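Input: a single structure, listed below in structure tokens.
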Amino acid sequence: MEGSEAAQQKDSVKVVVNIRPLITPELLLGCTDCVTVTPGEPQVQIGPHVFTYDHVFGSTGSPSSLIFEQCVHPLIDSLFRGYNATVLAYGQTGSGKTYTMGTNYTGEANCGGIIPQVMETIFKKADALKDGTEFLIRVSFIEIFKEEVFDLLDASHAALRLDSGSVAKATAPARVPIQIRETGNGGITLAGVTEAEVKTKEEMASFLARGSSSRATGSTNMNSQSSRSHAIFTISMDQKKTSSASDKLSNDDYDILSSKFHLVDLAGSERAKRTGADGLRLKEGIHINRGLLALGNVISALGDEKKRKEGAFVPYRDSKLTRLLQDSLGGNSKTAMIACISPADSNAEETINTLKYANRARNIQNKAVVWSFSLKINRDPVTAEMQKLRSQLEQLQTELLFSRSGSAALEELQLLQQKVSLLELKNSELNHELKERELSYEQLAQSALAAQLEKDQLMLKIESARNGKSWDDIENTDTDQDVEVMKRYILKIQQLESELTRQKFSSTCKNDLHDRFAMDKDLLLDDLGSGCEVGTPDASSAVNFRITPVPAGEADEEKERDHSSMQDKLDKELQELDKRLQQKEAEMKEFAKSDTSVLKQHYEKKLNEMEQEKKALQKEIEELRHALTNITSSTDESAQKLKENYLQKLNTLESQVSELKKKQEAQQQLIRQKQRSDEAAKRLQEDIHRIKSQKVQLQQKIKQESEQFRSWKAAREKEVLQLKKEGRRNEYEMHKLLALNQRQKMVLQRKTEEAAMATKRLKESLEAKKSTRDTYGSASGSGIQALMRAIDDELEVTVRAYELRSHYERQMQERAAISKEIAKLKECPQAMSPSARSSRISALENMLSSSSSAMVSMASQLSEAEERERAFNGKGRWNHVRSLPDAKNTMNYLFQLASSSRCQQLDKEVMCKEKEHLICDLKEKVVALNGRIRQLETQVKDLNNQNMLLFTAISEAKNPVGTSRKGTVGSEDGQHYAMRKSIRASHSLHYSKNSFLWSDDMDISDSEKSEGSDADWEASDADYGASDADWECSKKVRRRRQTVSSHLNPNPGSGTTQKSAKSEMASQEKSTSLDLAPQCCSCSKYSSCKTQKCECRASGSHCGGDCGCITSRCSNRVDMKEEKEGGGVVEVSSSDDVDDAKVQEIVKEGVMLLENSMSEKEAQETKSRKPLADIGNGVVKQTGAKPKQRKNWRKSTVQLVPSAPPLPPTAPQNTEPVPRNRDIPLRLPRAMSSPAVDSIPLTDRNAAKPDESMSSNKENVTAVRARSPARPRKNANEKENHLR
């Protein structure tokens, strides 16, 4: 191992944050980016929370494409060094975990993700190292679905699939869950999981795609392809070094390394309310959240340094997910955690929780070690060094022991150790040499076989040539079949010979035979006798006889073991060979007969020839001898010469005869050898038959013995099992008794300790009570008040959290409505003027930005509230209750709170019913007023036509009489008086109609509105829409002007002459201002009308009584004295008559009733609420914070003022004012209140929806939305644009 690795001991979990971009649904809802990344630093900020991690990708940080290079690639290097590695993706649903990991791989080249890059990198490194290392790579793919582990690569079972993202159907047969097992060294393994061996990247990718298609997915409101299970893709790799034996002996490194790479894609945490899950989806989400909760508990337990040092319990077994990730979290693995988050402000709460869990995971310490397959142990560098030191210590201890006893034993031990090492080295060398000799033997056997075949082929050709065949016929003869037959026979003979030789001799004996034969050749010749030669069969048989008793030694034992191991294989081979031998024996005999007959004929023919030649030579010799005897009797010289010649010839013939004898002997010897070979072949066949019969007998005997042994073994095993069972029972009883005894001892000890502790607690409680009485006083003193304050604080926190949650959800809904309105304004630009539309869009965008910041802050508070609730849930909430009186006081106070809340609920229900009756009465009045409006609409149309004619007549009359107006004033008074009266009547009707239109805006009945009123309202609205800058002021002044004119408008139905005269005089005075200013301005009461923004000044006329400005400030008005001089003096009373006063009183009472019914519920006087962070749960004595006055928001009201009714309205019978709400000292959580009470204000019900048309928005212009306390106060322009 390298030095850096040896120095490495513990490694923290690397935490990476990946921020995905905003997706289309979030952009349509108007979501904004609420996550901020510090430039150049791995730091994330969301609201008031700031987190620091190892790496941050996405948003303004590093690009997400660098996750693999910076975080995952170092883990692959560690994988090749023998360490386990894990990459897991964590986050809420829809945050991009599956996309980041690449689990949804389909085989396409453009599919991104970490897993495809891991596969490519692993095979690239394996190809680069394949010269010195052999790799075995396997993959497995599992999922945890509903807390059950399933194999995604199991081809025998159909995977669970989802159709159309909603209905889950399983094809038969059903999947079988995989069991989790624990190994002896504490590791986790899966029983029966499929581990497929892969050679290339394409094979691994195909398994990944197959498993991904089988994974359980579903559709929710937050994600159309939501993963419904946790998936773990595991890559197992074994490495084996291919160096030489000497290198292995000198190198102390591991020969086989085994490592695993876990790629985990977790299912996202989800809220059922946001995902809209129900039925099966809800159950799946519950299981997902349960597993993630267990994972969070494990991360919290491992991330707490104090608990880790104390060795606190880690709940790995709470979930199968945490049990499978046991090595990855705090175990034998190098781990990287990728926290995937969404930057949308609508997911701010889930994002904060994810970042908190990721921050805790940074504190987890893993201890990764190398797994050595040959040693079957984890090899940690530190542990290996300790083991080495221990061995040295043991050696030194043994040396010390031997030194005390004497030095001879130590020296002998060292010598023995050296001998053992030398023998082991020699044994390895001999084994290596044996393998080389076996290879050379196989090569020589193959060459001998080829030579034998070639020799036999040549013999056949020679025999054919001797029989008289021509060379062409011999070449054309198809000898391939004969050669094949011969080859098979030779191979079979060699196999049988080798089998016989293997049974008799061993390879070591043969080597010793050759060595001894070379060394003691003379000694063997002396033993065999002078008549036997070395190469004869007798000599060979003698040699065999002498060498047979030589012991085989260790080689014999090895061969016997090899034979016993190979005997089973040979049995099957021999059974097949028996059939083939029976078929080939006939052919072998025929071939042998044909060969022997040819040789026999050849040798007999040769013998006959030699016999004839021998007879001829003997006859000639006899003749020569006879002639020689005759010659010896004569003494002639010629006879002497002839005798010499005959002797010479006789010697020659005798030498020829001796040569022929030798040849005859040689031929006879060959014949004898042939006979011996035939006899050997017969003996060989007999041996084959005998071996076969012995084999059958042995097989039967083995079978019988095996059956007997099996029955005996079964009986013995049964007996042993019974004995073991009885022993286990006895052992169980013994352990039970021991455990019982131990428990009794422990109980006794615990009872003693409990008694001591109870005595101690009793003393402490008595002292605490005494100190409490001294501190808090009596039972009705400040102690009970402290308990009540603590309970009030707890209830306040709960109510505050509930309000935050509901306000958060309402804020999301309002923002969605604003986003839709912005989209509608952008899609339909012709609905408004460009400047108004741009101002409206900018105002809505400002509202979106403020809403986003408010949502982020609320999400932060909700996250803190949930953490506090988890921390104080259970016993922690009641730690301040230390005695029975405290508990009684607490219960009494809670009972009082519950009873008072019920009574308040009943009071509220009664008040709601009363207000509902009032609303019904007001609705009836509104219906009656709408009927009056319909009657007056026909009169308005006629009077509008008359007004147009009167305006034209007045304008024509002004031009010719401009210079002579002073002289003709008196004659034209009557005509002007009549015209002014008509104009005033038309305007009074027009304003009364408008006031009724305002009241009709609150009509929630089913009565229809006339088309004429809508048209008139649109026309009047168009007159005031000329100036976009003064749009807000015109609306407000118009509403105020209409109310004032309605109050001042005379009642034509009164029936008195005096009122008619006063009405005519008022209309005459107003007509003068109308002559001067036919178009009324919409300036505010603080305006001086000095600029062209005033419509009256812009049109060249003067402001009148119907304008929004006031006389004391306006500079565009004519002096009242000039009016009196030019138009006559008309007294106008500043107050109305008695009948008008009665009508106004009745109208005010109706308006008061309507305001009380439409206004929001009055704020109850509750105790001042504190922030969530300031409310503690453990301290009882803390005093409450200073009361903080709640902000009183201005309420928008609508006044309903009828003008010119056909009949004088009668006052309602019930004129008593609506009773005010009583002061209630305590407000319970909204979750405890009755759901039947409708707390939505009436103005919110009648408010215009964003999706309605522009005309309905204009009609409902007076509907004002109730403001939220968290929303900042808008300016007048934003409010007016929102009302539209």
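Using the three backbone atoms N, Cα and C, a Cβ is placed for every residue, glycine included.
If you look up Swiss-Prot, you'll see GLY91, GLN92, THR93, GLY94, SER95, GLY96, LYS97, THR98 marked as ATP binding site. Secondary structure at SER95 (ATP binding site), as computed by DSSP, is coil. Non-local contacts of SER95 (ATP binding site) by the CB criterion (under 8 A, 6+ apart in sequence, same chain) comprise ARG20, GLY268, CYS340, ILE341, SER342, ASN347, THR354.
The coiled coil annotation in Swiss-Prot covers 407-445 (among others), and the record cites sequence analysis as its basis.
The coiled coil annotation in Swiss-Prot covers 561-711 (among others).
Swiss-Prot lists 911-950 (among others) with the feature coiled coil.
Among the features that Swiss-Prot reports, compositional bias 'Polar residues' is placed at 1043-1070.
Annotated compositional bias 'Basic and acidic residues' per Swiss-Prot: 1158-1172 (among others), in sequence order.
Positions annotated as compositional bias 'Basic and acidic residues' by Swiss-Prot: 1275-1284 (among others).
Per Swiss-Prot, the feature domain 'Kinesin motor' maps to 12-364; the stated evidence is sequence analysis. Mean pLDDT across the domain 'Kinesin motor' (12-364) comes to 79 in this model.
Taken from Swiss-Prot, the feature region 'Disordered' covers 1040-1070 (among others).
Under the heading region 'Disordered', Swiss-Prot lists 1158-1284 (among others).
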Least buried by Cβ count (within 10 Å) of the binding-site residues GLY91, GLY94, GLY96: GLY96
LYS97 (ATP binding site), number of other Cβ atoms within 10 Å: 26
Neighbour tally for GLN92 (ATP binding site), based on other Cβ positions within 10 Å of its Cβ: 23
Around the Cβ of THR98 (ATP binding site), the count of other Cβ atoms that are within 10 Å: 25
Cβ neighbour count within 10 Å of THR93 (ATP binding site): 25
